[in-house]
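Q: One structure coming up, written as structure tokens, with questions to follow.
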Amino acid sequence: MMLLKSLVSLCVLAAAAFAVPAQEKRIHHQADLSDHAHDDAHSFQYDHEAFLGKEEAKTFDQLTPEESKDRLAKIVDRIDTDKDGYVSHAELHYWIKHRQRRYIEENVNKHWSDYDKNQDGKIGWEEYKNTTYGYYLDEEFDDIEDKATYKSMLTRDERRFKTADKDRDGIATREEFTAFLHPEEFDYMKDVVVQETVEDIDKNGDGKINLDEYIGDMYTPESGESEPDWVQTERKHFSEFRDTNKDGYLDAAEVAHWVLPGEVDHADNEAKHLIHETDTDKDGRLTLSELLDKMDYIKISTITDYGGMRVDDHDEL
């Protein structure tokens, strides 16, 4: 029952996120570097989480200046694998990718024990279903106010689980369970990602996304409110870039091109961006001194710990 309540909380959080101009919230950049838009004109929060990691970024915000400097020095030492006193683009790129992988591994580990009830190292669909929905299954969700939503969630989970289950034996290995939780990381799961995206946005059920549905997924106008500039920009993006065949709709192929831009290495781009912003002497590499000079900038980036970095004696690369 608690797990089902958690799913409800996630839905509420997702709905709250729709109220802000998160133009890229649907786009899957493998393991997301940050939940924030990459817009240095208004905030460096994307870079903060990219350098530090999502959880570590929260920790940094609570440290004193001296504690922050000490923590950053330890992180830079980890990144500088050849111990030459500099952080190169290659080292920074590797670090950010490493934090991405670690975030996924820790997320899977966190959920694994919840669902592997018989502790056999595998998770069956029945184990997952009963753990997540079991409290309500006998009543067919009759005592839940929004019964249709929960039935839809169960149907979607089953479809995604069966797709992730490559050998179709009804049991997920750790790799298959990772594909279930993070489908954007696996090529064979991309159709599921696209299908779920269309289902979320397609309000009239015609299997495609029109402009009103596209905008409505990001923005709900308040009474008397004029439309923000970013919404007008998104309207142009829809017609000029998203709708490639110019028929007024986004079909599955166009949605895939939008939400799964796999050809872009965002960790590489972020490494280049961070060096550009913090490399004072413009030699193409970073020193601890340069990073300390840009402490306020770094305290809002992905380097320091992507997805829960803890800098201690047991944190291995």
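Just so you know, the numbers here start at 1 and follow the chain as drawn.
Each residue, glycine too, has its Cβ placed from N, Cα and C.
Look at TrEMBL and you will find 67-102, 103-138, 152-187, 189-224, 266-301 tagged as domain 'EF-hand'. Here TrEMBL flags 1-19 as signal peptide.
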Q: Average the per-residue pLDDT over the domain 'EF-hand' (189-224) and send me the rounded value.
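A: Summing pLDDT over the domain 'EF-hand' (189-224) and dividing by its length gives 94.
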Q: Considering pairs 6 or more residues apart, do the domain 'EF-hand' (266-301) and the domain 'EF-hand' (67-102) have at least three CB pairs under 8 Å?
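A: Contact confirmed: at least 3 Cβ pairs fall under 8 Å.
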Q: Per DSSP, what is the residue tally for the domain 'EF-hand' (152-187) in helix, strand and coil?
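A: Going through the domain 'EF-hand' (152-187) residue by residue, I get 25 helix, 2 strand, 9 coil.
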Q: Can you tell me how the residues of the domain 'EF-hand' (189-224) break down into helix, strand and coil by DSSP?
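A: The breakdown for the domain 'EF-hand' (189-224) reads 19 helix, 2 strand, 15 coil.
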